[in-house]
Amino acid sequence: MNVDLRLIVRLLLAILLTSLVTTILMGKQIHRRLVKSMVKTTGEKDSLPARQLPKREISPKVADFPPPLTLNQTELDILKIQRNNSFRLPQQEAIKEWQDAIFFKEDSNRRGLGEQGRAVQLPNAKLNPDDFQDFYAELSDRIPLNRSLPDTRPISCRKRKYLENLPNVTVIIAFHDEHLSVLLRSITSIINRSPVELLKQIVLVDDDSNLPELGQQLEEIVAQNFPKIIHILRLPERRGSIKARMEAIRVSSCQVLVFLDSHIEVNTNWLPPLLEPIVINPHIVTRPILDAISRKTFAYAKQNTMTRSGFNWWLESESLPIFPEDKSPDSTPYRTPVLSGAMAIDRNYFLNLGGFDEQLDTWEAEKFEISFKVWMCGGMMLYVPCARVGHIGKRPMKSISSPGYHNFLARNYKRVAEVWMDNYKKYVYDKNPKLYKMANAGLLFQRKTKRNALECKTFDWYMTKVAPDFLKRYLALDSPLVFSGVIESVAFPGFCVDSLNCRHTKPVVLARCTGHNSMPGEHQNWSLTQDHEIQLTNSKDDCLEAQGLRSKSVWLFRCHKNGGNQYWYYNHRHRWIQQGQIWVWCLEAQLASGHKVGKVLANKICDKNQLEQQWKVGRNAPYDPQREPH
């Protein structure tokens, strides 16, 4: 009898367990059916019914896991500039599979218009060249808001697990006149592909949009579908993305802030890889790899090349190869001197740094300000290959009005340079002296005081420790091989090498020097870089090039960084500008008596008695015989 009773009890327990598992699975299936119920739109801006969007509940976070393996500040300071050994974050033990296997499987089986990130073309679709959005809005309206995407992560990411106890997140999206279906697709992808335990809040900041559908219609969609997770913040006047994001931070409530654009689609399991490094040390800032979404076809394309983000002295973004010690495996986060676009950062650390500089106007320079600030003030920035976010690529923006200043880029760049770049700021100003002289950077006392209070490192530390290859690629400070400024003839005082603004069409000439040492004339301002190129300082890619054999003229051509006829060396002892790597040819001035314009010739055999081959160069490299070894 006792045996029969035990069997009955076991059967009852088995039935209860089976019922519990079935309930959980059915709950997930119900949620997925809500997602599947989303239908394609008809192409009209007002035909985006709220029922297309899945409802999402926020589950309370309950966890009591073993502590993660972390880095203290001293360990982080050592790791972030490490060069001799492979760069690795601590390998964690208490790990969890965060990827939703059921959703991933269903997503991979979907077919239809735009599904799997495939290109879509409408026969009669046209792009208005004056369209603010600069993409096919009609096409976006046809593609499902919750469309499936290809898994573009490296293979090694697909089996990777992450810490069980990760912080919750506020996603911040600032927008101005974003097309409604594009904005809703951004939101839908975030909600569908983020663990409910982690995604607590999305703050949408409307930066004074004019499109009517972004008003009441957006409010109704959010109220009906996401009342507990999405908060819409309306700004009464246009303030720019920098100030808009800071307004969102003030209403955020989570431990980690994630900044995203309003025209994105997040990919599979994108969030946990961004959060784990922040748990290891809250001074680590992370960014996903940005895949490309075509503005014409909405095709989703993988970004294959792993690069770091950098800048030139125009403060334009540059892509640079990653350090050799950061290269493998391809699922490992790696260091980058600059982060742009999307970003995940610990809220307390961000606010302790002073947040974004709200005196930066509209957009753009904040990526440099936050990057310099993080690296120089105790933090580290990482790209995370296992986190992928698709981004609609738009053409370079046309000139737009600024809510606060008529030339906001010059103001922004000067403000960042004055606060963070120390002596290196002159290389930014050298690119356009007149512009930066007129630019008003605003009041800087508070930002400089904050930097001093944080005991941040110098910009020279940043250039030599964080981005040492910048000094090889671009103009270096106080290098014996480098000059910046005029190239004045010793034989013909007051005459300088002049491009005459005839790029690629005529040779450079010897002409009367214009300007003065502290501000050379626009067409007489030259820089000898550590690539041994003599660049026209006010142009980012025009270099002096010797033409043909001996006694030939010198022209201005596009810089190619391959040496050869664009390779120059300044010999301080003899004041020669030598051409080529055998150092037997010299630049020579020729000026006939009574003439106002002379010739600049290359490939003349160097002769120390030939005064026409001697040049006074720049304002950073005065003649000093002790600096010349031969």
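Counting starts with 1 at the first residue shown.
Note that Cβ sites are derived from N, Cα and C of the backbone, with glycine treated the same way.
Marked as Mn(2+) binding site by Swiss-Prot on the basis of similarity to another entry: Asp261, His263, His391. Cβ neighbour count for Asp261 (Mn(2+) binding site): 17 (other Cβ atoms within 10 Å of its Cβ, all protein chains included). For the recorded site, Asp261 (Mn(2+) binding site), the DSSP three-state label reads coil.
Under DSSP, residues within the domain 'Ricin B-type lectin' (483-618) fall into helix, strand and coil as 6 helix, 61 strand, 69 coil. Annotation comment: Swiss-Prot describes 483-618 as domain 'Ricin B-type lectin'.
A 10 Å cutoff on Cβ-Cβ distances gives Asn72 (N-linked glycosylation site) a total of 8 other Cβ atoms nearby, all chains included. What Swiss-Prot records for Asn72 (among others) is N-linked glycosylation site, and it gives sequence analysis as the kind of evidence.
Summarising the environment of Asn84 (N-linked glycosylation site), the number of other Cβ atoms within 10 Å of its Cβ, over all protein chains shown, is 5. Per Swiss-Prot, the feature N-linked glycosylation site maps to Asn84 (among others); the stated evidence is sequence analysis.
Per Swiss-Prot, N-linked glycosylation site is recorded for Asn146 (among others), and the stated evidence type is sequence analysis.
Here Swiss-Prot flags Asn168 (among others) as N-linked glycosylation site. DSSP assigns Asn168 (N-linked glycosylation site) to coil in the three-state reduction, placing it in neither a helix nor a strand.
The N-linked glycosylation site annotation in Swiss-Prot covers Asn525 (among others). Spatially close to Asn525 (N-linked glycosylation site) yet at least six residues away along the chain are Asp430, Pro433, Ser484, Gly485, Val486, Gly515, Leu536, Thr537, Asn538, judged by Cβ distances under 8 angstroms.
Feature annotation from Swiss-Prot assigns region 'Catalytic subdomain A' to 166-277.
Here the region 'Catalytic subdomain B' (333-394) is broken down by DSSP into helix, strand and coil counts: 17 helix, 20 strand, 25 coil. Annotated region 'Catalytic subdomain B' per Swiss-Prot: 333-394, in sequence order.
Residues or ranges marked as topological domain 'Lumenal' by Swiss-Prot on the basis of sequence analysis: 27-630.
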**Asked** If you take the centroid of the Cβ atoms of Asp261, His263, His391, the listed Mn(2+) site, which other residues of that chain have their Cβ within 8 Å of it?
**Response** Ser186, Leu260, Ser262, Ile264, Ile293, Gly341, Gly390, Ile392
**Asked** For His391 (Mn(2+) binding site), what is the tally of other C-beta atoms lying within 10 angstroms of its C-beta?
**Response** 19
**Asked** Counting all other Cβ atoms within 10 Å across every protein chain shown, which of the glycosylation sites Asn146, Asn168 scores highest?
**Response** Asn146
**Request:** Round to a whole number and give the Cα-to-Cα distance in Å for the pair Asn146 (N-linked glycosylation site) and His391 (Mn(2+) binding site).
**Result:** 15
**Prompt:** If you draw a 10 Å sphere around the Cβ of His263 (Mn(2+) binding site), how many other Cβ atoms fall inside it, taking every protein chain shown into account?
**Reply:** 23
**Request:** Across the whole of the domain 'Ricin B-type lectin' (483-618), what does the mean pLDDT come to? Round it, please.
**Result:** 85
